[in-house]
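Participant: Pasting in a structure now, in structure tokens, and then I'll have a few things to ask.
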Amino acid sequence: MHEKHLLSITLLGVLTGILLGVFLRNFNLSDDFKLAVGFPGEIFMQILKLMILPLIFSSLISSLGQMNAKGSGKMGFLAVLYYMTTMIIASTIAVMFVFLIHPGDPKVKNRLIPNTKDNSDLTAFDALLDLLRNMFPQNIVEATIKRSQTTIKFSKKHVEKSEGTNILGIIVFCTIFGMIISKLGQKARIIVDFFIILDKVVMRFVSFLMWFSPFGIISLISSSILDIDDLAKMLSTMALYVTTIMICLFVHCVLAIPTLYFLLTRKNPWNIAKSMVQPFVTALGTASR
């Protein structure tokens, strides 16, 4: 019942944020007032992002550490394989619909930057190498803020560190760490207990934070609408782009993932789909920032 209430007020938060943003556009608001409108959402997003890494570390290590050596090895392999598979599926769906719908004008880029090579010259092999590099980061602390990415400069390929969390590398590290803990048995019990308690603390924190998500979503959406100079022009310009994104999300979340779940487990994916509604709505609201 609590989850149904949370979903309802989150949906209400999305709608309220849109209506509030459109309403406030009728007034000549100062920049400070606009910042004040978006400030609660900014704090909400910072806390939400703050919990990502503790959630990954605690949940993966505590789960794998409690299994026997054989079970943790299998589960760890499946976790990494599932993450890579869903990432490849999502990328394939996105590329397919971008080519079908083509929500943009590539001539604009050519007019702005004539006769220069850019990252569009990168190949699938470069992306594969980046994927493998990110699986095994050289520094786990650095992986929390940077990831490897191949770029082209002066007609040559270079591997650089770009801004962004290397989620894949962290997952691989936590998986291996949890597998090794499970093999140590009782010797590592104190570490397992630590991550079990940490997982409970983080989940309690996230559950508590989610009850404030409607207020953060209202702030984020209304602030984003206020920052748009010409709302009608933006909507008309971005309509095809937004349509493409929504189609990709629908195919991935409603068709691809449930199908993959059914093929792997032979179980009805509807129960999993229902549990994904709340994260989807939250992501929809927070992605406005």
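From the backbone N, Cα and C atoms, a Cβ is placed for every residue, glycine too.
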Participant: Examine the ranges 7-24, 187-204 and name the one recorded by TrEMBL as transmembrane segment.
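Facilitator: From TrEMBL, the annotated transmembrane segment range turns out to be 7-24.
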Participant: Any contact between the transmembrane segment (167-184) and the transmembrane segment (205-226)? By contact I mean 3+ C-beta pairs closer than 8 Å, pairs at least 6 apart along the chain.
Facilitator: no
Participant: Among 44-65, 205-226, 238-264, which stretch has the highest count of C-beta pairs below 8 Å with the transmembrane segment (77-101)?
Facilitator: 238-264
Participant: The transmembrane segment (205-226): which same-chain residues, six or more beyond its ends, come within Cβ distance under 8 Å?
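Facilitator: Those are 6, 9-10, 12-14, 16-18, 20-22, 24-25, 29, 34, 37-45, 47-48, 51, 55, 278, 282, 285-286, 288-289, in sequence order.
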